Amino acid sequence: MLQSLAGSSCVRLVERHRSAWCFGLLVLGYLLYLVFGAVVFSSVELPYEDLLRQELRKLKRRFLEEHECLSEPQLEQFLGRVLEASNYGVSVLSNASGNWNWDFTSALFFASTVLSTTGYGHTVPLSDGGKAFCIIYSVIGIPFTLLFLTAVVQRITVHVTRRPVLYFHIRWGFSKQMVAIVHAVVLGFVTVSCFFFIPAAVFSVLEDDWNFLESFYFCFISLSTIGLGDYVPGEGYNQKFRELYKIGITCYLLLGLIAMLVVLETFCELHELKKFRKMFYVKKDKDEDQVHIVEHDQLSFSSITDQAASVKEEQKQSKPFVAAQVSAYAEDSASH
């Protein structure tokens, strides 16, 4: 008997705080996912980093042996300056001296990566004035971009998602949930094909040092706004039609970001995902809702009574004026 009562009380406790338990599991799962990613990345990339470090040490030792007139501190000072310049997008290599980082098309590409929060990091402002302007430009431009993307995605979602689903539901009598799921899958497949696979094939042809995997990697890193900056198109030596190429990449990033947001919004509107998301939200208490409703009704009623009182007051103030005008008109007519 006591065990059954204890079990029922535990069940009621869990049901009462179900949202909190689900949220705790969500936080735990996210932390475990972070740890899982760190373990995998470390185990995969650490051996390659060690090999690269050993290779650089051998190259440095061999260079110093071949050039005995150069001391190790002088070489490190030179390499440090070269690396510092490389972080700002400036290279001392002869095959990279022909590309400017701050011509108009490159600056347009940089502005698009800043406003979309992609930020490849291959080009950064050099001057203090440029850094200050970048801060002000981003503070205004990023919310402006969010507003722009929200408005565009909302309009596209109406024509691309909601109307087709409603049409098949009403015209053919299919289940609305089933139509929404099929539509989301088809839209996702079309988006991945048009903004990932096809551009990856194009980039693998236009970029000499990229294969298909590296091109697909660039497309995903860019459109997901991760922007690691290890692969940036249009930075090759003697790139043909570089200005036009940069403008095309800018348009591709904006259109691809809009397409990704439309797909994301389409999946978020699925009934199953809405139910799944509600598991982790805080549920509103009925008493609080009733209090808000009563307060809203009281405010509405008080505003209505205030308006009625003001109207009556205006009528009272206008009556003597009207009566005085009538009496004055009567006296004028009698005198005539």
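Glycine residues also receive a Cβ, built from the backbone N, Cα and C atoms like all the rest.
Listed in TrEMBL for this protein:
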TRANSMEM  21-44  transmembrane segment
CARBOHYD  N95  N-linked glycosylation site
DOMAIN    95-157  domain 'Potassium channel'
TRANSMEM  135-158  transmembrane segment
TRANSMEM  179-203  transmembrane segment
DOMAIN    192-268  domain 'Potassium channel'
TRANSMEM  215-232  transmembrane segment
TRANSMEM  244-264  transmembrane segment
Please list the DSSP helix, strand and coil residue counts for the domain 'Potassium channel' (95-157).
44 helix, 0 strand, 19 coil
Run through the domain 'Potassium channel' (192-268) and tell me, per DSSP, how many residues are helix, strand and coil.
54 helix, 0 strand, 23 coil
